[in-house]
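*Asks:* According to TrEMBL, the protein carries these features:
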type	residues	note
DOMAIN	472-568	domain 'Lumazine-binding'
DOMAIN	569-667	domain 'Lumazine-binding'
REPEAT	472-568	repeat 'Lumazine-binding'
REPEAT	569-667	repeat 'Lumazine-binding'
TRANSMEM	12-31	transmembrane segment
């Protein structure tokens with residue numbers, strides 16, 4: 001007799017099965033389209049950034065103007081528009097100012113006094129970044145005069161009669177000014193303390209918000225009154241220790257340009273010119289401060305040289321970057337992030353194609369560093385804007401969707417870096433190619449031959465509801481295609497070209513097609529064939545690596561809301577591979593036995609469903625001792641799928657029934673107990 005406590009099990013499991021199917025099929029339609037993904041804190045593991053146990057390589061940009069534009073109603077929309085555009089390119093970090101000292105729209109009106117209106121603008125910037133899944137590198141003060149900077153602090157001290165000197169460098173050594181800077185970080189009303197401020201929109205304290213990638217101490221610090229570098233180093237040590245005592249969760253960097261100081265041998269071999277060693281800073285010494293988590297470097301060869309041509313500048317860029325990556329590997333044992341780089345359009349010999357080559361050169365260095373697990377941690381372009389911001393532009397600024405080649409380079413770099421780490425950075429983001437909204441870019445980059453136009457609205461109500469349906473299949477194969485080519489692509493990944501007919505009838509760029517049960521995204525197509533991109537992880541996880549020219553493959557388009565459900569819920573997320581153990585003919589039927597890993601076999605049950613190379617099949621028996629299961633195919637099915645064309649010993653893709661996983665999760669997570677009814681008695 002069954003225990004009375006088991007009574008609710010069957011109806012509960014039935015309810016969960018129903019809910020799981022509805023969510024998998026139409027979750028994005030039923031739930032809020034602005035559901036935010038949870039961001040984890042970025043940490044450091046040796047020379048790499050890590051999030052949730054995986055390495056993170058940064059492809060991002062600078063938009064210093066965010067807070068300033070978030071203050072006023074008429075310009076606030078630009079923040080969301082820019083973040084939306086960055087997210088669509090797969091960019092993960094944006095560097096922006098978290099300061100405005102004195103002057104128009106000042107955050108800090110005077111030492112320790114803040115404008116709550118501007119603080120709420122910064123709240124808005126952080127909340128918007130969270131919405132779009134972009135992290136922020138927030139800079140705390142400027143060495144330059146723009147937005148106040150250290151000059152404003154010195155003026156405040158001088159005006160109040162407590163300043164030791166009118167020199168801008170007194171910012172670093174004057175005790176009163178040091179106190180001003182600390183007060184900026186920690187003194188004010190409960191809602192106006194920068195590091196511990198509670199965001200008025202999200203309710204999260206800044207120091208507890210993983211949307212903040214890191215704090216940058218100061219933008220491009222120089223203390224030329226002390227060439228030895230001792231003054232700046234003492235300031236860095238004191239301020240970083242102070243910040244870490246309040247916020248130990250976030251990473252911290254200095255904000256250096258990357259020049260080598262007077263005691264470094266590299267001042268003669270790597271610095272652009274002699275003046276670079278006389279600025280009171282030193283890349284290695286400053287970055288080696290114990291509370292600094294990663295090093296920062298800038299790249300501006302056309303500002304640092306005045307007599308070099310473009311080709312010479314490119315050679316310098318490679319040398320400059322490799323030198324600092326070497327320092328990160330051998331001296332600092334920390335990541336090195338190139339937080340600003342750009343090529344001026346005011347150069348006498350400037351041509352737009354030069355900027356493409358400049359970006360490509362920098363991206364290639366980072367990509368090669370990432371593949372070798374070296375310290376080159378990523379780059380941030382200076383700078384991105386949107387239309388109508390001419391007053392905030394400079395000779396480096398770009399409106400990305402107005403320059404197709406730059407936009408394409410950014411997306412390609414995002415894809416390359418995501419492949420290195422196994423992260424799918426473009427998953428559930430939307431890119432517009434030739435006017436079509438492309439979603440669910442799980443595995444591949446955008447093909448170079450695709451015409452891409454990333455657009456974002458600049459109107460007040462700029463967001464669009466991307467109500468994309470999750471890719472779900474039925475396991476009912478629509479046709480068998482033929483592999484035309486499988487090989488390396490120009491963008492560094494792998495391309496699989498397949499001849500087909502039925503699945504091309506209504507195909508669009510970005511559509512999901514299951515190929516032998518693997519959900520892949522269409523990047524090119526014509527009337528007779530289509531191309532999908534493959535990440536190395538996809539090849540490792542599936543049997544697709546065994547394909548060759550002429551191989552037949554099962555094809556199925558993603559389920560639509562109005563489609564009839566002929567098989568079972570198949571996601572196209574291959575759980576692993578099995579090996580064909582035997583194939584036996586009985587009449588016009590074919591019996592197939594497949595050996596599977598025990599970790600998958602536990603989800604396979606007699607009379608249950610399993611997807612084999614994307615074909616929905618009913619399991620007949622499970623042989624636990626052999627770690628095998630079998631199924632039978634009738635003559636009609638044999639003519640429509642690829643399994644009968646395979647041989648004993650060949651691999652097949654396996655996807656187990658997702659419902660079993662949900663049930664296991666429920667029963668093992670503590671969320672449900674079979675004995676609850678007994679416990680109540």
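FYI, residue positions are counted from 1 along the chain as it appears here.
Yeah, the Cβs are placed from backbone N, Cα and C, and that goes for glycine too.
TrEMBL: automatically predicted annotations, no manual curation.
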*Asks:* When secondary structure is assigned with DSSP, how many helix, strand and coil residues does the domain 'Lumazine-binding' (472-568) contain?
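*Replies:* Breakdown, helix to coil: 12 helix, 41 strand, 44 coil.
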*Asks:* Along the domain 'Lumazine-binding' (569-667), what average pLDDT does this model show?
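*Replies:* Within the domain 'Lumazine-binding' (569-667), the model's average pLDDT equals 89.
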*Asks:* Across the repeat 'Lumazine-binding' (569-667), what are the DSSP residue counts per state (helix, strand, coil)?
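*Replies:* Computed counts for the repeat 'Lumazine-binding' (569-667) are 23 helix, 44 strand, 32 coil.
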